[in-house]
Amino acid sequence: MRGSLRVRAFAKVNYALEVLGRRADGYHEIRTVLQSVSLWDELEISGPEGRFGLVVEPEGAGVGPERENTVYRAWRLLAGEAGAPPVRVTLRKGIPAGSGLGGGSADAAALLWGANELLGLGLGEADLAALALRVGADVPFCLVGGTALGEGVGERLFPLPAPPEHRLVVAMPPRGASTAEVYGAYGGLGGAAPGGWSGRVVRALRAGDLGALGAAVGNDLTPVTAGLAPEVEKLLAGLREAGALGACMSGTGSAVYGLFREEAAAHEAARRLGGAAFVRVCRPVGRGLAGG
């Protein structure tokens, strides 16, 4: 019987990101603290259909060809491992592509969870998490969301206390750098000693201390991305000047964020921030997906 389901897929920020080294398989070992935030894509999944279809709104959202999209890759895994029939997906983008905010990972997680629910595939949490990791390192986190410490390539997840209530101003410059460019430049520099951000962030979260959290956020890759896209550092400086408790880049960028105690202060900072192609005020959320 044909049906449809809408799933909201939340973005993530990295309160901390440390690069610990390069593994034999070419991936980088990291330690990170991840937080879901109230910026989202929406997937409308319908099926079963005669063939897979993906429509992205708005056009030109920068998600790439269908066969390279994480949504398609997630469906192919479901088809191969669980016999999932084709579905039609309308993907409404609210998370900017190539931002380090996990939009592609969130979309894949939404497809895995949503198609499993819609089609009655009967996959459990462990099954979905295993498939999620085959799509990408951040996809397992996006399935569950909330606040977590991630290790390995980010797939080993340890839940953490939710942060004290606050607002984030998320901003993205007009141009950035790809993940491959950033890690390539990082490797070319020979890397650096990890910044130790995650330990300080974890202590701040466990203490429920927002000021300490703001002071602790950090990302080992910020100097690399800023070297490729100098606007990143300008946006970080603008957020600090606007009164952010702390400002940091998310993932490999080029999106950055600032933490604010009050919503009014966050909106004022967003209004005054110059040099951004994208600015939103959002808040932490306790899950990665919402739908039904």
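Cβ from N, Cα, C; glycine included.
A C-beta separation below 8 Å, combined with a sequence spacing of at least six in one chain, links K12 (active site) to L34, Q35, S36, V37, L101, G102, S105, A106, D138, F141, C142, G145, S250, G288. The active site feature in Swiss-Prot is assigned to K12 (among others); the stated evidence is sequence analysis.
Taken from Swiss-Prot, the feature active site covers D138 (among others). DSSP gives D138 (active site) a coil state; it is part of no helix or strand.
A coil conformation is recorded for G98 (ATP binding site) in the three-state DSSP classification, outside any helix or strand. Residues or ranges marked as ATP binding site in Swiss-Prot: P96, A97, G98, S99, G100, L101, G102, G103, G104, S105, A106.
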> So for G102 (ATP binding site), how many other CB atoms are inside 10 Å of its CB?
Replying inline: 32
>> I need the neighbours of the ATP site defined by P96, A97, G98, S99, G100, L101, G102, G103, G104, S105, A106. Which other residues of that chain put their C-beta within 8 angstroms of the C-beta centroid, in sequence order?
In response: A11, I95, G251, A255
